[in-house]
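J.: Have a look at the structure that comes next, please.
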Amino acid sequence: MFVLVSYDVSTTDKAGRRRLRRVAKVCKNYGQRVQFSVFECLVDPAQWTVMRQQLVDEIDPETDSLRFYYLGSNWKRRVEHVGAKPGVDQEGLLLV
Amino acid sequence: MKKHLNTLFVTTQGAWLAKEGETVAVKVGGKVRLQLPIHTLDGIVCFGQVSCSPFLMGFCAERDVCISFLTENGRFLARVQGPVSGNVLLRREQYRWADDPERSAAIARAVIIGKLVNSRKVLHRVVRDHPDKVDTVSVKQAMDRLKAILMHVRVGTSLDRLRGYEGEGAMIYFRVFDHLILNRKKEFFFEGRSRRPPLDRVNCLLSFFYTLLMHDVRSALECTGLDPAVGFLHRDRPGRPGLALDLMEEFRPYFADRLALSLVNLGQVKSKGFRKAETGAVLMDDDTRKAVLVAYQKRKQDVVTHPFLQKKMPIGLLFHTQALLLARHVRGDLDGYPVFCWQ
């Protein structure tokens with residue numbers, strides 16, 4: 001399935017900046033960064049459970065927020081991109 | 001069931017692959033060109049001057065991601081394998097079977113039947129779809145002879161005779177292979193199978209596809225716990241993946257040959273995209289190789305119905321399915337190996 005993860009982490013103090021880095025790290029492990037705090041993750045339900053829990057454990061619910069958009073497996077027609085930073089289709093040809 | 005995942009191809013010379021967290025990062029000139037989570041990958045294929053950090057190799061081995069190193073022209077060089085894992089009992093049974101001439105012959109027979117049936121089907125399709133363009137008489141003759149060989153193979157024979165039939169079948173098939181090329185015959189022709197090095201454009205395409213196919217089949221076998229080096233039809237030789245070659249036979253005509261033909265016939269590869277080296281070897285240029293890789297990956301995503309399981313699946317998963325069925329046969333859960341026959 002395809003999940004869009006976006007987060008907002010308060011960076012006013014040092015602990016906040018640390019949380020931001022750690023949240024980004026978890027997202028990177030599971031998905032592709034499409035904008036500064038937006039990740040597209042192609043995961044199976046088991047991986048998603050683990051990832052979600054890792055993210056929830058990382059943030060401070062008083063100041064930070066996480067939003068998950070579940071786009072299902074038929075996500076291709078629900079996503080459109082315009083402008084810079086085009087994402088890589090993780091299911092298409094991967095050639096560097 | 002294992003999901004069919006993507007393969008990462010790295011053709012940029014001087015690229016460096018590294019592990020970053022749980023991702024694979026492809027760096028070119030110190031800059032990250034692509035970063036992917038490892039769980040979206042099934043395999044990594046590196047062409048030419050591409051390096052890889054040992055930590056990534058270890059990580060990939062742990063996560064069942066196969067890394068193969070090929071020369072720029074697609075000749076297989078090496079593969080990274082982690083500590084031997086998988087089912088010991090299954091492997092031991094496989095070795096016992098490989099030592100038993102009768103059991104080896106039984107599996108070899110299934111594999112050869114698959115290859116012959118699929119070869120015949122490839123010829124059949126062309127005669128059916130383009131009766132006006134091909135030399136129907138000689139192709140039909142070849143089909144009849146393949147059928148005759150199939151009859152011989154079906155009754156119990158020894159391994160050596162089976163190998164003889166296999167070779168004869170391949171010869172008949174490749175003799176009419178040139179008829180299957182429908183367009184631009186002057187540039188794309190096939191005079192006979194040549195390899196190491198391939199001497200014409202069609203052979204160049206075939207060799208390239210066979211190498212890619214081997215990477216896929218081999219990792220499929222690896223995943224089921226079978227030893228890709230110990231074959232039944234192909235005998236052991238150091239560095240030769242015998243079982244991978246066995247399992248590949250049924251896919252050669254169905255997957256690789258047809259793909260090469262459609263690339264040529266539909267004009268997706270241009271004759272200018274190939275060049276001849278001093279040795280006589282025909283090589284592809286970068287753009288052609290890319291187009292060919294795109295076609296290969298795309299073809300693997302086409303969905304077909306598996307004739308034995310009656311289930312729909314992408315072609316890329318067929319390798320895994322066949323490996324699994326073979327493992328079940330060796331383990332004793334299936335009475336025979338149901339070879340993949342194109343319908």
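Backbone N, Cα and C atoms are what each Cβ position is placed from, and that goes for glycine too.
What TrEMBL says about a protein is an automatic prediction, not a curated fact.
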J.: Return the residue out of B:HIS215, B:HIS234 that TrEMBL annotates for the same Mn(2+) site as B:GLU166, B:GLU249.
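T.: Candidate in the recorded Mn(2+) site: B:HIS234.
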J.: Take the mean position of the Cβ atoms of B:GLU166, B:HIS234, B:GLU249, the recorded Mn(2+) site. Which other residues of that chain put their Cβ within 8 Å of it?
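T.: For the Mn(2+) site the neighbour list reads B:ALA108, B:VAL111, B:ILE112, B:LYS115, B:ARG163, B:LEU233, B:LEU245, B:ASP246.
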J.: Which residues, sitting 6 or more apart from B:HIS234 (Mn(2+) binding site) on the same chain, put a CB under 8 Å from its CB?
T.: B:ARG240, B:GLY242, B:LEU243, B:LEU245, B:ASP246
J.: Least buried of the binding-site residues B:GLU166, B:GLU249, going by other Cβ atoms within 10 Å?
T.: B:GLU166
